[in-house]
Each structure stands twice: as structure tokens, then as C-alpha cells.
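Report on one structure; see the data block that follows.
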Amino acid sequence: MENFKGQPRLPKFAVPKRYDLQLKPDLSACKFAGSVSIDVDIVAETRFIVLNAAELSINPGSVSFSPRNSSKVFDPKKVELVEEDEILVLDFAEALPLGLGVLAIGFEGILNDRMKGFYRSTYEHNGEKKNMAVTQFEPADARRSFPCWDEPSFKAKFKITLDVPSELVALSNMPVIEEKVNGPLKTVSYQESPIMSTYLVAYVVGLFDYVEDHTSDGIKVRVYCQVGKANQGEFALKVAVRTLELYKDYFAVPYPLPKLDMIAIPDFAAGAMENYGLVTYRETALLYDEQHSAAANKQRVATVVAHELAHQWFGNLVTMEWWTHLWLNEGFATWVSYLATDSIFPEWRIWTQFLDELTDGLRLDGLAESHPIEVEINHAAEIDEIFDAISYRKGASVIRMLQSYLGAECFQRSLASYIKKHAYSNAKTEDLWAALEEGSGEPVTKLMNTWTKQKGYPVVSVKFKDQKLEFEQSQFFSSGSLGDGQWIVPITFCCGSYDKKKSFLLQTKSENYDVKEFASDSNKSAWIKLNVDQTGFYRVKYDEELAARLRYAIENKYLTPTDRFGILDDSFALCMARQLPLTSLLTLMGAYREELDYTVLSNLISITYKVGRIAADARPELMDNINQFFINIFQYSAEKLGWDATQGESHLDSMLRGEILTALAMLGHKETLSEASRRFDAFLKDRNTPLLPPDTRKAAYVAVMQTVTSSNRAGFDSLLKVYRETDLSQEKIRILGSLPSCPDQGIISEVLKFSLSPEVRSQDAMYALAVSKEGREVAWTWFKENWDLILKTYGSGFLITRFVSAVVSPFASFEKVKEVEEFFANRSMPSIARTLKQSLERVNINANWVKSIQAEQNLGEAIQELAYRKY
């Protein structure tokens, strides 16, 4: 018995083959009863059966094992649920016969309010508050709904039956085969599923409307949402049908199930979940309202739908063997969702926007407290924390790097053979590399192991000397410290023109490359750009001469948006790591004053926020000039776009307008603040006014909050009124994300209090944590005072990590590190351990950066000159 405790994985002496599951949820009492008969193959001698169960009460009298070839029934002499290991141990008096048998278990459970397992979500129907019952089983919560072998490699078939109130809709992975109504209840039976992992099982019970369409090969696709919102599902439906057809061709395997349902759930912890044939979503990730959704919302819906549907092949049909290989699921689905979105909406230039994913991956992976893409998992509690920017974004970025290196066609061909080979089973990272190696003849395993088995990435320094380029790689840390990692780096570079592109693998610490052919007298001053189109997962540091040439190339618009993005982002990272003075970064930023590309400007905006915060901590007396300089940078694009959309303008301009105006509002630009105020007043009188369409609403809300104070709070109260009156999640989140930008500490305190009130769904509270720099201390005090409540509400899921990082990371003093460490000394737990270390590392990085800016010579004069330079 003791042998089974404290183990990361279940013993393998019994293997489930098929589950026959019956559940009866009680939506008013918030509980459920169930029974399961599991076809089990006893493959090694044992008198124990060990499977997963958590927060269930097991009826010991209902537990029995009946071997297939015998009339004897085995009843366990002991049934023990070990809550801390989430296992159910059945101890029989004698060894069980080898071969197939049926394990029967009766149980009861709670429909919890923690957005995991079998849980309840609330909604309003005709003014009445109601419960729906929903599942969220990934990573390890099917065990909260029924006893099972809750690991991805124990794939089995599922036959599900639900007893539910007869007026409700009841959905599961497979189509309904029979509904028997018996008075107030009905019994709904579903087709048996193909072989699949427990984390992909799903069922939802509630009141819903739907819209429906079919793919060209007859797959029925539906989008379900709350009654009265069906038309908001039309856009996602259209995307889903086209995406399924696209993936069928790309993977060379048809969609494996007879139907696909997608459903919007009001209370939902993640963005969406790829349950086989029944994909669940937050409302913001599935619903699109022509009247009140912004262009950014539309794009979010398309990319999330494409991501989840990619999983139907990559994850559901072929499943990772264990959570160490989670990145295979998530990194791949992230990468391929861009491929699909680009195919359906080429005008969105989504591959340029992919750089946001790349940057997020680089930012987290520049920490000493990062982790390798393939990470050891020793306890179920550790899984949640690796659903992070490494698994998703670094994962997607190294796949993009590899595809770029091998070529699109060869990559696609090899993928199709990988999926065929491992369909309906499990795979490891090595299996994908083997397929790509076989298809390409390249040493994929050797190359990729350097990217997946060690954390971090290199910065490649490049110097131009004696007609040679000197390349040197070293591990990059945002802290500026030195690491000893080494990678096989696919280097690409262009000199003076995109026609002249060179590539090679940097396999050693350093290498020289002869560029005589490029260095003719006529282009001695030609720009040289490494990591063309940012396809490589690394940073580049140029010597001063090369950096000056690139600045000139940016000003003269010689470079592509992806390359302009990369130069800016690498320079910002090097400045944070104290390898580039702030003066140099600001001078480079000045070269972007005529920038109009959405993705480049969006990154420039987020860099101004971060630099502004650090500079305010380091040299508060320079902030007027710094803000003036930033306003100057955005003036050109703001004047081009204005507040009002033009007929037939691009999707990207619609997104950019809102971001530029929000930035100007945050920088205190007077004209923006007063225009925002005028338009907001018109919006309060008429919610459909053309003066404030969805794309510029957030900008107006942020502008309003800049001037709100405890004694002048009309704008804040008006926003709360709009929040309370809208039933559109996207609108609520726009408001929630704007409120904490207020510089007034009393208001920030109210906003944080509001975030934990019943008026804010618990999945959305984190939007209110993005507080202004003036609000950091208030947020930290609030966090400490409310820790017990936060722990109770979020303690068992990944959302608690968002609280820790949002509240801790923005600080920039060594004293604060000590204070946070003291607070968590007796409050830490496995599910936040990694996030806490990462957040404290960020505070140390910020503190060192502040020190280096304080020591920077002539910074004041340089900023004065930049702020008032006439172009």
C-alpha cells in the first residue's frame, strides 16, 4: 500500500481499455452522483488496482472486479482514497487473474466553483440566475469527476450517459444516439468515442442556443452560446469550418470525429480547451459581436479557434506520452494556428504579429529561473505552471525556426507521416524529430536537443572587421550575468539588400565569415542584418558601427517590418541586461518616428511603457522630457490615423488606432485626453454613437481614468455603470483593464476591491491587476491583506500564478525582494514556486537596471535633446 504513495505516476499492472460512465448532475444542489464500469486489462500479477480519484466519495459496497472469463466476483477488502496523491487504492484479498475484467465503482461528488473538474458556471436567463455544469479536465482533473487512470498515456474508449433535467441541452464529445424523457428528467446516451486520453473527455449541461454549418465532407459543426447570443457565434463558425478543411489537407488525415461542437462558457479559467469534439471557450475567445467587438477581438477569436482545432490532430489524435512533452501539444498548436489564420485572413499579416509570441518566449527564457522546453514533472501539482510562455511561445518559435531551416514542403510531408504513424496513440518529442530527420536527411535531433533540453538561448554578437564578420554566441540573461549554454544556431544574414541572403549553422562558440563579395567600395556602409525575419530564437548584439548603419536603414525604410521589430526588441533586451546604455536605446527608438506597421508600433508602445516605469524609478526629474519624447515618436502615426476610421481601412489600422491613442493617453498627451473625454461623454448618452466605436473605446476609458481622483471620480463611476449594464464579456474586460491605469492610489484601492467582488467573474479579476506605477504599493498591500481569500478562490489552479507575477514583478528595489521573500517564507506551495522565483528575479533585474540608469553619464542632456529635436 505505502509503495503507491508519493509517486509521480500510476503503476502499470492494470490498463483501462473502455469506460462506461453514467453521471447524474444536480444543478441546484451543486452535486453529482455517478457510476463507472471500466474494462481493465490486468497485465501483471497484483492484488491491487490503483487509479486516480480526488474530491469524490466512493461507495465501498459498490466496488467490484469481475474477470471476463470467470463467474467469480472479487470485492476489495479495503478501499482507500489517498487525497494528497489523488489516488484510489483497491486492495483485494487475493491476486487478480491476468487478462480482461470489469471494474465497477459508484461515487458522488461536488459541482465545485473552482473552474476545474466537473464544475458549475452561472448565467442569467430571463433575469433569473442559473447554474450550468461544465468540465475542465486538463491537465489532471478528470479524477474529480470519475475514478480513472488520469494520465495521457492511458488512452481508452468512452461510452457516456447523462441523466439531466429534460429542458436542458446536454453535450459530450460524441453525438447523441438516444434521448429518453422520463418526466422532469431525461437520459442522454452518446456514441462510444474512439480511443482518447481522460483529459479530453467533456460534458456540458445547460440552456444554450446554437448556429450550425457543415464542412464539405459532411462534418457537422456547431457553435453553442447563451440563449439570445447565437448570432455572436457566426464568425467563429465560419472560421471553424474553413480551418477543419485546411487542416485535413495540411495533416493529410481527415478530422477523426463525426461532429465538432464549440461552446462559450461564462466562467472559464483558461482561454479555451480542446476537448475532443466538444471544445470549450471563454466567451471572449469565441463570440464576436459586429456592433460591439473590436478588431482585436475578431483576431483573438480566429487564432484561438485555429489553435484548438489544431489540437484535434496534434494532441487529441496523437497525444503526448507525459506532461514533459506538453510543449509538443501547445507549441505546435500555437505555430500552426498562425499558419491557418494566415491562410484565411492574409490581410492580417499574422506572421509579422507572431513576433509577439517570440518576444514573450524570449522574455521568460532570459530568466535564470526559466525551464527547458522539456521539463521533468514529478507531481500533478507542478503541471499547471508549465502552461506558460516556454511551452507555448518558445515551443512555437523553435518549430518556426526549424520549419524555416528545413523548408515548408519537407516539414509538412514529415509531419503528415508522424501523425499517420502515431494516430490513436502517444508520442514523445524524439518521435517528432525522428520523422523530420527521416524526411529531411538533416540532423534534426542533434540540432533541436540544444533548444529543448536546456533552458535559455544565445545572444549572437557580431563585429565587422577586415572584411570579415565575426560571430560569437553566449547565453543571454536579462540580468546581464553570464551563462555557459551553447546552441546549434541557424544563422541567416543579409548585407545591404534582401537579395543577398546567406545562411549557415553556428555550431561552435565563435566563427568568422568572409564577406568580401558584399564589401565592395560602393557599399562599404551597407547595413548588415542577422536573423533575417526573426526566424531564429536568439538575440543579436551589433558593434557600434553596424548598429549605426541599421539605424540609418530603419530611418530610410530599407528593412522589413519583422527586421525593424527584431532590432528594436533586441536593443531593449540588451538595455535591460545593462549591455546597452539607455541613451542608445532611446536614440534607436527615435528612428521609428515614421513607423506605421502595427506589430512594430505595438512593440514600441509596450517598450515605452516599460522604459518609462524604470526611468521614473531611476530619474523621476527626467520624466517630463522622456514622456515628451515618446509623444513625439507616436505623433506621426496618431495624426495619420486620427480618432475616426476611414471607409474600408485595414484590420491592422483599426487595431493600431486604439493602441496609439491609449499610449498617448497614458503619456498624458493633453489633446488626446480632452478628445477622449468629449467622445466618452457622447458614448454615455448613446452607447451606439459612431464617435466611440469598439476599437477606440479602451483608449477613451484609459484617458478618462488618467484624470480620475478620489475627489473627482465621475469618470470612474460612469465606467462602472457601463460595466454593470453590458452583458458582453469583451466590453467588461475592456473596462476592467482600463480602471487600474489610474494614478490615484485611493481609486486603485477601490478597483482592486471591486476585482474580488461578486460583480467580477473570478477568471477576470487579473485584468484589474495591471496597476499604474503609482499603484504598486497599494496592490502589494491589498495582495497581502487578501492572500487567504485569493488562495481560497484560486489556490488550486494556474490563475493564482497571475496574481503573484502581476503584483510582484513591477517593483524595482532590492528591499522589496526581501519583503516579498519574508511574506512568502511560510506561504509558498508547489503551484506558485516557479512563478514566485521568476517574479523576484524580475524585481532584481529592474533594481539593477535602475542603478545603471542612475549612473549613466549625460542622460539628462541626451533626453533633453531628443525631446525637443526638430526633424
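Note: Cβ is positioned from N, Cα and C throughout, glycine not excepted.
Just so you know, TrEMBL annotations are computer predictions that nobody has curated.
Feature annotation from TrEMBL assigns domain 'Aminopeptidase N-like N-terminal' to 15-200. Per-residue confidence over the domain 'Aminopeptidase N-like N-terminal' (15-200) averages 97 (mean pLDDT, predicted model).
Here TrEMBL flags 235-451 as domain 'Peptidase M1 membrane alanine aminopeptidase'.
Sequence-distant neighbours of His311 (Zn(2+) binding site) (same chain, 6+ apart, CB under 8 A from its CB) are Glu274, Asn329, Ala333. According to TrEMBL, the feature Zn(2+) binding site maps to His307, His311, Glu330.
Cβ neighbours within 10 Å of Glu308 (active site, proton acceptor), excluding its own Cβ and spanning all shown chains: 27. Summarising the annotation, TrEMBL assigns active site, proton acceptor to Glu308.
Neighbours of Tyr392 (site 'Transition state stabilizer'), defined as other CB atoms within 10 A of its CB across all chains, total 24. Per TrEMBL, site 'Transition state stabilizer' is recorded for Tyr392.
If you look up TrEMBL, you'll see 527-844 marked as domain 'ERAP1-like C-terminal'.
Every protein chain shown contributes to the tally, and the Cβ of His307 (Zn(2+) binding site) ends up with 27 other Cβ atoms within 10 Å.
All chains included, 23 other C-beta atoms sit within 10 angstroms of the C-beta of Glu330 (Zn(2+) binding site). Apart from the site residues His307, His311, Glu330, the chain places the Cβ of Glu274, Glu308, Ala310, Phe314, Gly315, Asn329, Phe332, Ala333, Thr334, Ser337, Tyr392 no farther than 8 Å from the centroid of the site's Cβ atoms, the recorded Zn(2+) location.
In this structure, the C-alpha atom of Glu308 (active site, proton acceptor) lies 10 angstrom from that of Glu330 (Zn(2+) binding site).
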